[in-house]
Every structure is written in C-alpha cells, then in structure tokens.
C-alpha cells in the first residue's frame, strides 16, 4: 500500500429525481402539518380568549412567540442539521413539538400556551422546517425550482385542510381535542422526516490538481453506501480482523510530480487498525449540508451563472486538506453511520490522532458554533442593497402572519358566524398554494413583454416581488372595507396569492443581489430580522385591537408595513448600478 496526500472536496450527488421525489412528498406533508397548525391558530385563539377570559394582546403573544421562535431557531436548526443530518434533526424537532403540544392539552391558564405553544412548539417547528427545505435543495439542481415549489405549497394546503377541521372539532368536541389531533399530526412529521435519506457524497479533487490525476480519480469513484458496507461487515462488539471485498481494481493514488498511478488489485483490507469505535456519540460524522453555498437557494440552481462556471465549488459541503492514507476512492453517504445510530467513526489506516482531528475539522459540520457564526457575519449589513432588502424583509415579516391570525376573528366580528372562518382560511390556502407554484415556476422564466423588457430574469423577479407585496399591502390596509362573505373571500384570494412571492422569491433575489457565496450569511441575517418582525407584528396588532375594540387598525398597520416593504425595493437597481460603478472604478485604478 502506498499513501498519498489528497486535497479535494466532499460533493453530494443529487439525483434530480428518484428517491428525491419521495423526499419532496415528505417535505410537502411537513409543511401541510406544521403550517396547518400555525395558519389555523386564529380559529383556536378565538376559543382560548373566551375560555380564559383573555384579551387580544395576550393571546397574540402566543402566535408571536410561536412564529418568532420558529424563525429564530433557524440558525440553531441549521447548525444541528449540519452536524446530525436532516433526518435526525427533523425527528428531534418533531419530538420537541410533541412535548409542547402534549402540555397544551392540560393548560389551565393562557400564559401556559405562551410556553407550551409559543416557546416549545416554536423551537420544535424551527427544527423541523429547516431540514425540510435543505434536504430538497440537496436532492435537486436542474429541477429544484419545481421540487421546492411543490414542497412549500404544502403550507397553503395546510390552511385548506386544517381551517375547516379545527372549526369542526372545536364546535363538536372542544378546543383541547385540536391539540390531541396535532399530537398525531406531529408524529406524522417525524415519519415524513424519516424519508430524508442522506445523499451519497463523492470526494472530488481540487481544480488545481493535474488533469490526469482527476481522470483517474473520477474513474475510481465508487458509489458505496456507508451504512450497508459497515452494517453488513462490522460488529461494534467484536470488530472483525478482515473486511472481504471484491474489487476489479483498487487504485492507490500517489501524486508524485502531479501524476497518478493505479496500484494492483486488492482482495482484502486489514481492519484492525482501520476501525476504532468511538463510543456511542451521535454525530461523529458530519454532513456539512449547510456548508454548501446554494443550500438555501430555492430556484433552479443550474440557471445561475456562478454555479455553471464552477459547479463543484458550490456543491461542496467540505474540504479535505490533510494528507490521508487512501486505499480506495469511493463515495459514501456522509453521516449514514451517524443516523443509523452506530456512534463509531471508521478512521483511515495509518492516520494518527492529529490527522484524524484535522480531517473532522475540515468537514465543517463538526463545529455547530462555526455554522452559526458563518450565518451571522454582520459585515454584510454594510452593503446598501442588502441593508435595504433586510429592512424590507423586516417590514414584510411584521405584516405577514398577523392578517392570517386575525382574519378568523375579523370574520366572526363582522359576520357573527363562527363556522365560516375556517372556509375563508381554506380559500386563502388554495390561493396561496397556487401562488407559490406559479411564482416558483415563473421566477426562472423570461416574460413575454414588449421591447425585450422581460428578458432580464433577475429584474423580473425583483419586480414581481415588489409589485405583489405592494398590492398585498394595499388590499390588507383596506381589508375593513371587505364586509361581506364574498368580499372576504376575495380578500383571502388576493392576500394568499400575493404574499406567496415573499416565501418563494426571497432567496432567489438574495442571490441576484449578492451572489451565491454570500447566500448563507444573508439568509441567516434575514432569519434574525424575520424573527423580530414576526414577534412585533401580532403583538402590536393585538394591542390595537384591544385599544379600538375591532380589527380595523390591526389590518391597516399590517397593510402599511407590507406596502412600504414592496415600494422601497424599487430603488434597489439604483444601489446596484452605483455599486457596479464603484467596483469598475476600483478595478481601473488598480490597473
């Protein structure tokens, strides 16, 4: 055996189909279940106010904490997902949410729900949401826009399904049985998370390596699943001495003078020094999903010029810069041994303790704090275009959840009928589902506008985002004028369809503004802003409702925030042009 220093990247192998569609279905139903609870909470809140003699401000604190912790837990969920993988993170999140939902069944004071629903279920849903998006983006590239569009459309379906169901349960059995129902629903979230099978990864050499070396390396990559390989051959109680393997050729790559030489065939590999069990800690092999720069990009990544120029750079979840003794080049499912619960790390033959530590450090998922730190680099706020977009996002978050939360209360207040609010939520959900699918598909397309105005897809996306949020804000501010059942249905359609752009286009516009390299950092900062906005919005709206005795000012407040958030982004092209001019001037001055 010969050893060689290897320098390369861990690159996932997205199938763009196959089991990926099962993953999409799992993600879809997670959105149905989790968002179904959040979006239909207004129906439940009405009964809680009556049961516990509470006001709008206190009850709205529940949904403020629920949505705030869901978004605020995003960076934590990202770090956990990076270390333990999407499947484990989803199941942990479902377990946390289950505990909160169970405690809610026995609540005797309104503030109990602030803790059980707002804090505990909020954190649980946060741990569920992140992997439900991340795993879809990992499985798809060319079809990513369609796949993520289908997955997030589950949120609208959740409103369609659980609005009427919650109304029926409350009317016939009582509000506590809504939480009983969601105990079973949350278990289904864990079942859906179990479909998030880790991807196979390949070790790909860096671009600066010799072409001949790359060709031999690529030829020798074998798609071998870590779970199957070691579960069948290795017992943790008595590690075997020899691992039998049939191989037509095993390639030892020795990089002398930038040349690669295949070695002779090997029939067995001595595992005594190869395997060293590392006692039962989950997460000793780290996926590093969040190290992939495009992991939060929900559009079709193959349409991004940066990705087309260097796909392996943006697929990479980690790098290997340590001299390793490589006996065969293979792909494996990074983290499979972790998620199957083995809790041992198979170290490479001849690797000393220091090298093994270096290896694990290079796969950056091993450091959860590093993941969080990468998402919270505040230097990005010095970029005027991003700062403007972040402020807009904050205002959108203030007005995003409150109208949906107060809509059932507003409907009951106007129509004096408790049973129609669920139907109007279903109308909202249908429109929102259609909107998410349409925005997801159209976002990557040129528009048939005169004089070639629709040829710039980045500009199209920004305009669609701005115009839809502006319209959403205007109709929400004048919601108090929609005073009949049909008119309220019309409002639900307009609000549901236009607000879908906020969910579908945010990450895509971030890439248009900043590029793929800064997406994770930008998305992490936006999660922080969104968490603050979703806490402020319902609280202020609830206070205004208590102050006036109706929900008119609550909708006006939300509508103004949404409208301003859309209008202010029309100046972003000015900042981008100015930034491009500054960059050009610096380049000329340096020449």
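Along the chain as shown, residues are numbered 1 onward.
Each residue, glycine too, has its Cβ placed from N, Cα and C.
Given the ranges 61-81, 208-228, the record in TrEMBL names 61-81 as transmembrane segment. Contact between the transmembrane segment (486-511) and the transmembrane segment (113-139) is absent: fewer than three CB pairs lie under 8 Å, with pairs separated by 6 or more positions in sequence. Non-local neighbours of the transmembrane segment (177-197) in the same chain are 19, 22-23, 25-27, 29-30, 33-34, 36-37, 44, 85-87, 89-91, 93-95, 97-98, 101-102, 104-105, 124, 128, 131-132, 135, 165-166, 169-170, 333; each lies 6+ residues outside the stretch with a CB under 8 Å from one of its CB atoms. Among residues of the same chain six or more beyond the transmembrane segment (462-480), those with a C-beta under 8 A of the stretch's C-beta atoms are 396, 399, 403, 410, 439, 442-443, 491, 494-495, 497-502, 505-506, 509, 512, 550-552, 555-556, 558-567, 569-570, 572-573. Of the Cβ pairs linking the transmembrane segment (146-165) with the transmembrane segment (380-400) and spaced 6 or more residues apart, fewer than 3 are under 8 Å, so the two regions do not touch. If you count C-beta pairs under 8 angstroms between the transmembrane segment (420-442) and each of 21-41, 61-81, 88-107, 113-139, 551-575, the highest count goes to 21-41.
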